[in-house]
Amino acid sequence: MGRRFKFLQKLAFLGQNHRYKALERDEVDTLIDEQYELKAIEREKAVAALPPREACKCSKEELARTFHVDLDSGLSEFAVAQRRLVHGWNEFVTDNTEPVWKKYLDQFRNPLILLLLGSSVVSVLTKEYEDAISIALAVLIVVTVGFIQEYRSEKSLEELTKLVPPECNCLRDGKLRHMLARDLVPGDVVSLSMGDRIPADIRLTEVTDLLVDESSFTGEVEPCSKTDSPLAGGGDLSTLSNVVFMGTLVQCGKGQGVVIGTGEQSQFGEVFKMMRAEETPKTPLQKSMDKLGKQLTVFSFGIIGLLMLVGWVQGKPLLSMFTIGVSLAVAAIPEGLPIVVMVTLVLGVLRMAKKRVIVKKLPIVETLGCCNVICSDKTGTLTANEMTATQLVTSDGFHAEVSGIGYSGEGTVCLLPSKEVIKEFSNVSVGKLVEAGCVANNAVVRKNAVMGQPTEGALVVLAMKMNLGSIKDSYIRKKEIPFSSEQKWMAVRCSLKNEDEEDVYFMKGAFEEVIHHCSTYNNGGIPLPLTPQQKSYCQQEEKKMGSLGLRVLALASGPELGRLTFLGLVGIIDPPRAGVKEAVQALSESDVSVKMVTGDALETALAIGRTIGLCDEKLKAMSGEEVEGMEQDALAARVRQVSVFFRTSPKHKVKIIKALQESGAIVAMTGDGVNDSVALKSADIGIAMGQTGTDVSKEAADMILVDDDFSAIMSAVEEGKGIFYNIKNFVRFQLSTSIAALSLITLSTVCNLPNPLNAMQILWVNIIMDGPPAQSLGVEPVDRDALKRPPRSVKDTILNRALILKILMSAAVILGGTLFIFWREIPENRTSTPRTTTMAFTCFVFFDLFNALSCRSQTKLIFEIGFFRNRMFLYSILGSLLGQLAVIYAPPLQKVFQTENLSALDLLLLTGLASSVFILSELLKLCEKFCSRAKADQMLPEAV
């Protein structure tokens, strides 16, 4: 109190012209507190994220000083609030932060949309308000449908995946709190336990038998042992044993550490930067639509120029001819094209969603239709990522096979070749081998999931299949010598419960290390001396199992290290996912090549490749080292012949994809790890796993397989091919109708004849009539034979030569038939009458409906695809027919459309004539089938 009183006195001093009053004690307290708070705020805001390579060198005390944190009590809420102002939330800022209005406006960047808007403006200027309103409405429908679908797709993705783990255990204000991981800031003290997903980059300060699965980050299958000791130098990220990274998983043990990086300041953030640096290529559909838009633009303006020139030569007013030219240009543009394309893509996405596949961008579905190479990661994609014991060899020569995959415990162990099922110790040698694997084990299997190392989980499940799953409880563990990459084995010293026997060691590990500690081998429960011949036999068995791609573990037991009894070998593998083999076969039959790109060894990769039918006797494999050493051009020349790439890194994967793309391939890449994300972004189609996939891989991908089912890709390819054919069907129908209408009006203008169709009739044909039938073609069910067709070339456009010929043929038939009726009905004085236009108008509409019927398939007859298969098409045709009859016979509509009643004979005549376009199209399909069959029969003897 005395010191504070003297301080107050010093504040009362004389200035030159003023006397300052002494402050009260509470005012001084407030002043001091404010100064202290300002300094505290500055100190907290100055705290920065620490790179892992620097953090790994710090001692615990240096780490605490750097982050201004008490390791025993954690940060205060005040410190957290200040640091969050600088570092933000522990999450990634994704592309989905783009404003909604901007996403909506982006839909207008399509060239067809811009052309339609231009036509609408010109229609307003020329007072063609009906056309302007119709076109504007069509544009709004297009952009709204596209916006809603992409918006819903993004929302579905947000629901499926979170960019950071949702919860964690954090020490704050001296209390351990269970909180959202997004709340973490640099300097937070986080507690980790078995099964936790690491919520941020963390420098460990305490560990107890901590093993972390970093396979999603580094590609290494085996969990990494962690320490809390400072390291001498910061090497590769995978060697930083005292740092754990966001998104990796605690397999066993527990630990505590300080957060050194959050959100985009974590190592995930570095991968995100690489991912965003990769430019996403345009899809083939986007390229085709762009080209079609340009072609239609050139065609439309050419017609305008031609008609204005003809009209000027004939002495007609230029403004009148310009109005006609613009109207014809609008008619020539298939205004339903963007709508049907969008609806077709949306329906494809919805069908795929039912098959548990989320598509982030609509055109990606179609891109799969021309995909001819699928590069797939092995672990977790082609395989189940569930290590499973499949073979046993005992030291005395018994062989057994194990059925059942995964961690459910379902399956049996059978002796070979007798197929005798073994339970417990019905075969002593097998029983002792399985017992050792279960006791020298730290994994726990619950509810079909493993807590701990997957390899150890496989041994526990093996014991469960022999009813020995609880045998570990019969022992009291007294000591453990943990596994290390240097010694390549682990051992436990145990004693039987309630029995006064000497302790026994159980050991498992690499064969060459375990056999080194053995002096005897087990022979039906009796230890015999381990002779060189016996060692050689066991070594041969180990090599034989290894050549099959199995991970081989040797097991032994005995009273002390160095005097152990060798028990035998267990072969473990990550088995293929259900349905993968069938999917690979179906894709291969449709000329889609599946390539495995993995970080595993050659033997393991080949074993899985053979199991799923990926490769044949002419298999070619290439290592990541070879990929790195080759020039890009040389790699592009060889990469198509290689089926398996092994020992690859993320950098190698990107190089492989780019080489495939340079060779002309459309590449789909599947993956689930952080190490796959850059490759997913580089590929034409990136496909991530929904369950085992990391958040970064999902963000990088274009599609997500919700159930991690590789066979769903087969359905996606089928959808992609079917969607493109549906779009071609619609384009054929729409353009043949538009060209026929355009030619009809152009010919009548050039020949100085009266117009066969008036303005309202043209509007009916182009906007109303072409809408429902055309859109129903877009929802035609996917052709069942679509998957069998080879992938479409990326150079192919929607309007290829064959389709153009069919369009021109249909347009010529429609034009010829309508002109025949018009010429038949026109009076001698060549003046237009209501009957003349009604007959020509109805004839054109009937042609339109029959043309739609023939356009349901480019190759199959109507009887093959099924008349009633597409109900929406039938409803649209029926609705259009009823609408046309209403226009002809309803008095109010007769006045609007300037029509008159037609007799039944007139309708029969028009129906018979209009059906010619359908009959001719079906005959053409028959001819094509006959020619294709004859060509195939001719090639068969040559092939033989």
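Cβ from N, Cα, C; glycine included.
Features as listed in Swiss-Prot:
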| type | residues | note |
| --- | --- | --- |
| ACT_SITE | ASP377 | active site, 4-aspartylphosphate intermediate |
| BINDING | VAL330, ALA331, ILE333, GLU335, ASN766, ASP770 | Ca(2+) binding site |
| BINDING | ASP672, ASP676 | Mg(2+) binding site |
| MOD_RES | THR262 | phosphothreonine |
| MOD_RES | SER266 | phosphoserine |
| REGION | 69-93 | region 'Interaction with ORAI1' |
| TOPO_DOM | 1-104 | topological domain 'Cytoplasmic' |
| TOPO_DOM | 149-229 | topological domain 'Cytoplasmic' |
| TOPO_DOM | 251-291 | topological domain 'Extracellular' |
| TOPO_DOM | 313-329 | topological domain 'Cytoplasmic' |
| TOPO_DOM | 351-748 | topological domain 'Extracellular' |
| TOPO_DOM | 770-802 | topological domain 'Cytoplasmic' |
| TOPO_DOM | 824-835 | topological domain 'Extracellular' |
| TOPO_DOM | 854-872 | topological domain 'Cytoplasmic' |
| TOPO_DOM | 894-903 | topological domain 'Extracellular' |
| TOPO_DOM | 925-944 | topological domain 'Cytoplasmic' |
| TRANSMEM | 105-125 | transmembrane segment |
| TRANSMEM | 128-148 | transmembrane segment |
| TRANSMEM | 230-250 | transmembrane segment |
| TRANSMEM | 292-312 | transmembrane segment |
| TRANSMEM | 330-350 | transmembrane segment |
| TRANSMEM | 749-769 | transmembrane segment |
| TRANSMEM | 803-823 | transmembrane segment |
| TRANSMEM | 836-853 | transmembrane segment |
| TRANSMEM | 873-893 | transmembrane segment |
| TRANSMEM | 904-924 | transmembrane segment |
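When Cβ distances are compared across the two stretches, the transmembrane segment (803-823) makes no contact with the transmembrane segment (873-893), since fewer than 3 pairs at least 6 residues apart fall below 8 angstroms.
Only sequence-distant pairs (6 or more apart) were considered; of these, fewer than three Cβ pairs between the transmembrane segment (836-853) and the transmembrane segment (230-250) are under 8 A, so the stretches are not in contact. SER266 (phosphoserine) sits 17 Å from ASP676 (Mg(2+) binding site), counting Cα to Cα. Sequence-remote contacts of a segment are chain residues at least 6 beyond its ends whose Cβ falls under 8 Å from one of its Cβ atoms, and for the topological domain 'Cytoplasmic' (770-802) they are 284, 287-289, 291-292, 295, 334-336, 339-341, 343-344, 347, 351, 369-372, 586, 589-592, 664, 666, 714, 717-719, 721-731, 733-735, 737-738, 848-849, 852, 855-857, 860, 865, 869-870, 872-873, 875-877, 879-880.
In this structure the C-alpha atoms belonging to ASP672 (Mg(2+) binding site) and the residue listed as 'active site, 4-aspartylphosphate intermediate' are separated by 8 Å. Most other Cβ atoms within 10 A: among the modified residues THR262, SER266, that distinction falls to THR262. When other Cβ atoms within 10 Å of the Cβ of the residue listed as 'active site, 4-aspartylphosphate intermediate' are tallied across all protein chains shown, the result is 26. Taking the Cα atom of each, ASP676 (Mg(2+) binding site) and ASP377 (active site, 4-aspartylphosphate intermediate) are about 8 angstrom apart.
For the pair formed by the residue listed as 'active site, 4-aspartylphosphate intermediate' and the residue listed as 'phosphothreonine', distance between Cα atoms is given as 28 Å, rounded to the nearest Å. Sequence-distant contacts of the topological domain 'Cytoplasmic' (854-872), counting only residues of its own chain at least 6 positions beyond either end whose CB sits under 8 Å from a CB of the stretch, comprise 725, 728-730, 732-733, 736, 776-777, 779-781, 783, 803, 806, 810, 917-918, 921-922, 925-926, 928-929.
With a cut-off of 8 Å between Cβ atoms, the residues of this chain six or more beyond the topological domain 'Extracellular' (824-835) that come close are 753-756, 898-900.
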